[in-house]
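Okay, so here's the structure we're looking at.
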Amino acid sequence: MTRPPEDRDLRDTALDTGQEPDALERRLARIWRTPPGLVNALSTVDHKIIGRRYIVTAFVFLALGGVLAMLMRLQLAQPESRFLSPDLYNQVFTIHGANMMFLFAVPVMEAMAIYFVPLLVGTRNIAFPRLGAFSYWVYLFGGSMLWIAFILQMGPDVGWFAYVPLAGPQYSSGKRADIWAQMITFTEISALAVAIEIVVTVLKQRAPGMSLDRIPLVVWAWLVMAFMIIMAMPAVVTASSMLILDRLVGTHFFNPAEGGDVLLWQHLFWFFGHPEVYIIFLPAVGMISTMLPAFVRRPIFGYLPLVMALLTMGLLSFGLWVHHMFTTGLPRLGESFFTASSMAIAVPAGVQIFCWLATIWLGRPAFRVPFLFILAFFFTFVLGGMTGVMVASVPLDTQVHDTYFVVAHFHYVLVGGAVFPLLGAIYYWFPKITGRMMSERIGRWVAGLLFLGFNFTFFPMHILGLQGMTRRIYAYPAEMGWGGMNLFVSLCSVAMAAGFLLFFIDIFRSARHGEPAGDNPWEASTLEWATSSPPPPYNFVRIPVVTSASPLWDEKGSLPVVSGLAVNRRELLITGMGNATPEVRETSPQNSIWPFFAAIATSVMLVASIFTPWAVVWGAIPLTITLIGWFWPRGTPEDDS
Amino acid sequence: MMASRFALLAFLALLAGCKREEREARLAPPIAEAQGAVLVMPNGISGRPHDVIAAQGDAFRNNAYQLSQGKRLFEWFNCQGCHADGGGASGPALMNGWWRYGPDPVSIFLSIRDGRPNGMPPYRDKLTTEQIWQLTGYLQTLGASTASLASTSRNDAMHSRPAENRAPAQAGHTTRPSP
């Protein structure tokens, strides 16, 4: 090394001479920034850029899935409709479901985490940022594969949970079910990658002083979600790989004729599938717990019970999966056990609701748009929870299984429980991401249209279900007498679509012409509001020190900060798991194009393996090359503590 | 230039892929009718299918779903009752590449639809034209001498006859079966 040692380890304290007031900012910006240009855009590892892409992509998938939903409503608006062919209808409902669950709901929650976890815990970048870049590309390619397949009429048509034997080799000819299984593989890879980043960031990169009881609730929720992803996803990885193997090379995992077991599929899928609902739901309630204080002007009531509720729900959700299988002829004892556990999860959910009600009760609510979404959540989610307790009981479930009652129920919990809080969160954090406010006036319309549109669309479906209308039918005869209600549902769905349209319009408008927001437009208490909007590439000029659970409220004047981090390379602070005491200074990876190449190699391998098993063998070669490029040592000495 | 040519090729390949997975559960009546309008030689052997078959990309040969439907009908209508599985019983084997009435699709179609004098019953009143074409397509893959990209679904249970999507049938059967 020819450079003098102090040049290699230039600290921010060295710049405190006061000669150049913004020397520190300029240096940090130079080190952390993503230079312009296509290659640089593809190589960036900035969690904010990746997070933003992730969020935008997820919302594009939401819009596409919404279009499919409207197509289905158009088809069902009248009896014996010929608008969609049965085959197309099968593809449409399958892709609507798979898209919403795997390409929108789970990824968007991860996406929000990628953007906000580092800001909320006060660090400069997410842990393993290259993994995040890789995850995004894999997600994008996997999602595109599904939609391209759909355009080519190769869309999966076996339902979003692809039960065997329908999805098996005998009953699903062609490549449709393989597309489904591989799409799952794509999302698994990307979700697992993000989950690992979140766990490490939350546990090891919190700002000093942010002990476990000062972590913002939404970060707790993301942490639980990440652990759930790590524990639940392997089940579906196994399942989808076994399905692919059954179809491609003739293994017989799910083939009863050769000693396989079709129910095994349902167990594996729902062992993942049920926690998945909570993977979506927990971050959403976390968002509520974090947003609520800003709108009632007081800290959240019952921090500890809320954290406990998150953990309990995370844990319990792994013990419920069999309630999706009540009609498969299980032994009584099994049914009773899973009924009990399904009902038990209503307890922590109830605890949460009461904590929020107490928070609102004790505060002075300001009815801004995010708060309206929180209220919409309350109403809708409680209704969904009630029908949830209903379908948790075996006799009722046997009656309404696979009817529109179930369709209504899960839309109440998913849209009410996750989408409403998420939209509230978008209104809440949009100013942080773009530096501009979304329109309060349009926002009220959006909230109103969505709330009313949603309830009028989905509530009647309960009744349709009780009247016997089964899900996944592409047409029904006029004599069934479901026509009137279906027409009403379809008309109301237009209101919902209008609400979403307005939302997207508002996003586009506000991103350009919204009112400038300032650093902390809601006068909220968490760390992300301590930096500028949008945050600089390095997030914080100096890493803050946290002294309470509501740092920005309790440290009115200015936050205490850490000094002594290097300013000539990307460096962040690693802290202890429990009390967040500073441990070491650690380098954060540079931008790199290799994650992008690795994602391309992975995608080519996965797509080709739909057609031939040899793709796995030959595809491993380019993949290995890209991974070698990715992990090539940088040649700089390791850092010291 | 290269790139655009490549893109065009990729696009064409994709379009071909498109037909490969197309499924129509309810044929429009005029199409169904046209499928039955085959031009036949006076001796009832060979002829020309209606143009609509080609217009549909020869779906009964190239579309996995259509082939699978044919396979299902083959079992449902107990064709192996007389044709057995590869061996041939009262009827010919159908999968050795040897056809009494010629290998072209129209002959096979006619054999099924109108029956044949030495004991093949007509299925005109039992199957729709589309189903007869599906059977025809399926039978052609049974005795195919070249591998095809589209294949039927695979049985869960053990196959009692050689699998359809194996390497070309000729490999096993090269001699004419004794009558």
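Keep in mind that glycine also has a Cβ here, set from the backbone N, Cα and C atoms.
Annotated features in TrEMBL:
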DOMAIN    A:26-547  domain 'Cytochrome oxidase subunit I profile'
TRANSMEM  A:54-76  transmembrane segment
TRANSMEM  A:96-121  transmembrane segment
TRANSMEM  A:179-203  transmembrane segment
TRANSMEM  A:215-237  transmembrane segment
TRANSMEM  A:277-296  transmembrane segment
TRANSMEM  A:303-322  transmembrane segment
TRANSMEM  A:342-362  transmembrane segment
TRANSMEM  A:369-392  transmembrane segment
TRANSMEM  A:404-430  transmembrane segment
TRANSMEM  A:442-464  transmembrane segment
TRANSMEM  A:484-505  transmembrane segment
TRANSMEM  A:617-633  transmembrane segment
Note: vs the transmembrane segment (A:369-392), the recorded stretch with the largest number of Cβ pairs under 8 Å from A:179-203, A:277-296, A:303-322 is A:277-296
Stretch-level contact, the transmembrane segment (A:342-362) and the transmembrane segment (A:617-633), CB cutoff 8 A, at least 3 pairs: no
Quickly jot the same-chain residues contacting the transmembrane segment (A:96-121) by Cβ under 8 Å, restricted to those at least six beyond its ends, or write none. 47-48, 50-52, 54-55, 57-59, 61-62, 64-65, 68-69, 72, 132, 135, 139, 142-143, 146-147, 156, 159-161, 180, 183-184, 187, 190-191, 194-195, 197-198, 201-202, 205-207, 210, 215-216, 218-219, 222, 225-226, 229, 276, 279-280, 283-284, 287, 290, 414, 418-419, 422, 425, 429, 432-433, 526-528, 531, 535, 539
Short question: which residues 6 or more past the ends of the transmembrane segment (A:215-237) have a Cβ under 8 Å from it? 106, 109-110, 113, 116-117, 120-121, 184-185, 188, 191-192, 194-196, 198-199, 202-203, 206, 268-269, 271-273, 275-276, 278-279, 282-283, 285-287, 289-290, 300, 303, 306-307, 310-311, 313-314, 317-318, 526-527, 549
So which of A:179-203, A:277-296, A:303-322 has the most C-beta pairs under 8 Å when paired with the transmembrane segment (A:404-430)? A:277-296
Cβ under 8 Å, sequence separation of at least 6 from the ends of the transmembrane segment (A:179-203): give me the contacting residues as numbers and ranges. 94, 98, 102-103, 106-107, 110, 113-114, 117-118, 121, 123, 126-129, 131-132, 134-136, 138-139, 141-143, 145-146, 149, 154-156, 158, 162, 167, 215, 219, 222-223, 225-227, 229-230, 233, 236-237, 240-241, 243-244, 247, 577, 602-603, 606-607, 609-610
